[in-house]
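Working notes for the structure below.
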Amino acid sequence: MQGDPEVIEFLNEQLTGELTAINQYFLHAKMQENFGWTKLAKYTRHESFDEMKHAEVLTDRILFLEGLPNYQRLFHVRVGQTVTEMFQADRQVEVEAIDRLKRGIEVMRNKGDITSANIFESILEDEEHHIDYLDTQLELVEKLGEALYIAQVIEQPES
(Lines of atoms letter the chains of each structure in order from A and count residues from 1; the text may use other names and numbers.)
(Lines give C-alpha, C1' and ligand atoms only; values in the text may rest on other atoms or scores of the structure.)
Protein backbone atom coordinates (compact mmCIF):
# COMPACT_ATOMS: atom_id res chain seq x y z
CA MET A 1 0.00 0.00 0.00
CA GLN A 2 1.55 3.29 -1.07
CA GLY A 3 1.79 5.65 1.88
CA ASP A 4 1.80 9.42 2.00
CA PRO A 5 5.40 10.75 1.79
CA GLU A 6 4.89 13.16 4.70
CA VAL A 7 3.55 10.34 6.90
CA ILE A 8 6.48 8.11 5.94
CA GLU A 9 8.90 10.94 6.79
CA PHE A 10 7.28 11.34 10.24
CA LEU A 11 7.53 7.57 10.76
CA ASN A 12 11.20 7.69 9.76
CA GLU A 13 11.88 10.69 11.97
CA GLN A 14 10.38 8.84 14.94
CA LEU A 15 12.37 5.74 13.96
CA THR A 16 15.52 7.88 14.14
CA GLY A 17 14.47 9.01 17.61
CA GLU A 18 13.88 5.43 18.74
CA LEU A 19 17.23 4.24 17.35
CA THR A 20 18.96 7.11 19.14
CA ALA A 21 17.15 6.28 22.40
CA ILE A 22 18.10 2.60 22.11
CA ASN A 23 21.77 3.55 21.92
CA GLN A 24 21.61 6.18 24.64
CA TYR A 25 19.67 4.04 27.12
CA PHE A 26 21.77 0.96 26.42
CA LEU A 27 25.00 2.91 26.99
CA HIS A 28 23.61 4.40 30.19
CA ALA A 29 22.57 0.92 31.36
CA LYS A 30 26.07 -0.45 30.72
CA MET A 31 27.62 2.52 32.54
CA GLN A 32 25.21 2.05 35.46
CA GLU A 33 26.07 -1.63 35.57
CA ASN A 34 29.78 -0.76 35.58
CA PHE A 35 29.23 1.70 38.45
CA GLY A 36 27.46 -1.04 40.43
CA TRP A 37 24.01 0.54 40.14
CA THR A 38 22.55 -2.81 39.16
CA LYS A 39 18.87 -2.17 39.96
CA LEU A 40 18.92 1.04 37.96
CA ALA A 41 20.87 -0.64 35.14
CA LYS A 42 18.20 -3.35 34.82
CA TYR A 43 15.46 -0.74 34.51
CA THR A 44 17.39 1.37 32.00
CA ARG A 45 18.24 -1.71 29.92
CA HIS A 46 14.53 -2.60 29.86
CA GLU A 47 13.75 0.92 28.60
CA SER A 48 16.26 0.39 25.78
CA PHE A 49 14.45 -2.80 24.81
CA ASP A 50 11.09 -0.96 24.89
CA GLU A 51 12.49 1.56 22.42
CA MET A 52 13.62 -1.37 20.26
CA LYS A 53 10.03 -2.64 20.16
CA HIS A 54 8.90 0.82 19.05
CA ALA A 55 11.55 0.78 16.31
CA GLU A 56 10.28 -2.60 15.13
CA VAL A 57 6.67 -1.41 14.89
CA LEU A 58 7.74 1.73 13.02
CA THR A 59 9.91 -0.29 10.64
CA ASP A 60 7.02 -2.64 9.88
CA ARG A 61 4.69 0.29 9.21
CA ILE A 62 7.16 2.09 6.93
CA LEU A 63 7.69 -1.09 4.92
CA PHE A 64 3.93 -1.67 4.72
CA LEU A 65 3.54 1.85 3.30
CA GLU A 66 6.23 0.99 0.71
CA GLY A 67 8.76 3.33 2.29
CA LEU A 68 12.37 2.65 3.20
CA PRO A 69 13.19 2.66 6.93
CA ASN A 70 16.21 4.89 7.55
CA TYR A 71 18.60 3.06 9.87
CA GLN A 72 21.57 5.18 8.82
CA ARG A 73 20.59 8.32 10.71
CA LEU A 74 20.78 9.04 14.44
CA PHE A 75 20.12 12.15 16.45
CA HIS A 76 22.76 13.28 18.96
CA VAL A 77 23.34 10.65 21.68
CA ARG A 78 23.59 12.47 25.01
CA VAL A 79 25.80 10.70 27.54
CA GLY A 80 25.46 11.59 31.20
CA GLN A 81 28.38 11.13 33.57
CA THR A 82 26.33 11.23 36.79
CA VAL A 83 22.96 9.73 37.61
CA THR A 84 21.38 13.20 37.41
CA GLU A 85 22.97 13.89 34.03
CA MET A 86 21.80 10.51 32.74
CA PHE A 87 18.22 11.17 33.82
CA GLN A 88 18.30 14.69 32.35
CA ALA A 89 19.71 13.41 29.04
CA ASP A 90 17.12 10.64 28.85
CA ARG A 91 14.36 13.08 29.74
CA GLN A 92 15.39 15.35 26.86
CA VAL A 93 15.06 12.41 24.44
CA GLU A 94 11.53 11.83 25.74
CA VAL A 95 10.56 15.52 25.53
CA GLU A 96 11.64 15.60 21.89
CA ALA A 97 9.83 12.33 21.14
CA ILE A 98 6.58 13.52 22.71
CA ASP A 99 6.65 16.72 20.66
CA ARG A 100 7.39 14.79 17.45
CA LEU A 101 4.69 12.21 18.16
CA LYS A 102 2.02 14.84 18.83
CA ARG A 103 2.88 16.67 15.60
CA GLY A 104 2.88 13.39 13.70
CA ILE A 105 -0.50 12.31 15.07
CA GLU A 106 -2.08 15.54 13.85
CA VAL A 107 -0.58 15.21 10.35
CA MET A 108 -1.51 11.52 10.10
CA ARG A 109 -5.10 12.11 11.17
CA ASN A 110 -5.44 15.03 8.74
CA LYS A 111 -4.19 12.80 5.93
CA GLY A 112 -6.56 9.97 6.92
CA ASP A 113 -3.83 7.52 8.01
CA ILE A 114 -5.54 6.42 11.22
CA THR A 115 -3.39 3.29 11.63
CA SER A 116 -0.14 5.28 11.66
CA ALA A 117 -1.72 7.81 14.04
CA ASN A 118 -2.76 4.95 16.35
CA ILE A 119 0.80 3.60 16.31
CA PHE A 120 2.11 7.04 17.27
CA GLU A 121 -0.52 7.32 20.03
CA SER A 122 0.56 3.98 21.48
CA ILE A 123 4.21 5.03 21.46
CA LEU A 124 3.23 8.42 22.95
CA GLU A 125 1.57 6.67 25.89
CA ASP A 126 4.77 4.70 26.57
CA GLU A 127 6.93 7.84 26.32
CA GLU A 128 4.65 9.74 28.71
CA HIS A 129 5.07 6.93 31.26
CA HIS A 130 8.82 7.04 30.81
CA ILE A 131 9.05 10.81 31.25
CA ASP A 132 6.93 10.49 34.41
CA TYR A 133 9.40 7.89 35.73
CA LEU A 134 12.36 10.15 34.90
CA ASP A 135 10.71 13.16 36.57
CA THR A 136 10.10 11.07 39.69
CA GLN A 137 13.72 9.89 39.75
CA LEU A 138 15.01 13.44 39.31
CA GLU A 139 12.79 14.59 42.19
CA LEU A 140 14.11 11.76 44.37
CA VAL A 141 17.72 12.64 43.54
CA GLU A 142 17.00 16.27 44.40
CA LYS A 143 15.36 15.36 47.73
CA LEU A 144 17.78 12.62 48.78
CA GLY A 145 21.00 13.74 47.15
CA GLU A 146 22.85 11.60 44.63
CA ALA A 147 24.73 9.50 47.20
CA LEU A 148 21.62 8.39 49.09
CA TYR A 149 19.69 7.85 45.85
CA ILE A 150 22.48 5.68 44.46
CA ALA A 151 22.51 3.66 47.69
CA GLN A 152 18.92 2.69 46.84
CA VAL A 153 19.71 1.47 43.30
CA ILE A 154 22.57 -0.91 44.06
CA GLU A 155 22.39 -4.50 45.19
CA GLN A 156 25.00 -6.88 46.45
CA PRO A 157 26.08 -9.63 44.06
CA GLU A 158 24.80 -13.09 44.84
CA SER A 159 27.45 -15.38 46.29
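Easy rule for this one: first residue shown is 1, then count along the chain.
Glycine is treated like the rest: Cβ placed from N, Cα and C.
Take the Fe cation 1 site that TrEMBL assigns to Glu18, Glu51, His54: the candidate from Glu106, Glu121, Glu127 listed for it is Glu127. Take the Fe cation 2 site that TrEMBL assigns to Glu51, Glu127, His130: the candidate from Glu13, Glu85, Glu94 listed for it is Glu94. Apart from Glu51, Glu94, Glu127, His130, the residues listed for Fe cation 2, the same chain places the Cβ atoms of Ala21, Glu47, Asp50, Asp90, Val93, Ala97, Ile98, Asp126, His129, Ile131 within 8 Å of the centroid of those Cβ atoms.
In the three-state DSSP classification, His130 (Fe cation 2 binding site) falls within a helix. In this structure, the CA atom of His54 (Fe cation 1 binding site) is 13 Å away from the CA atom of Glu94 (Fe cation 2 binding site).
Taking the centroid of the Cβ atoms of Glu18, Glu51, His54, Glu127 as the Fe cation 1 site, the other same-chain residues with Cβ within 8 Å of it are Gln14, Gly17, Ala21, Ile22, Asp50, Lys53, Ala55, Ala97, Ile123, Asp126. Residues in the domain 'Ferritin-like diiron' (1-145) partition by DSSP class (helix H, G, I; strand E, B; coil) as 117 helix, 0 strand, 28 coil. Shown in sequence order, Glu47, Asp50, Asp90, Glu94 are the residues of the chain, 6+ apart in sequence, with a C-beta less than 8 angstroms from the C-beta of His130 (Fe cation 2 binding site).
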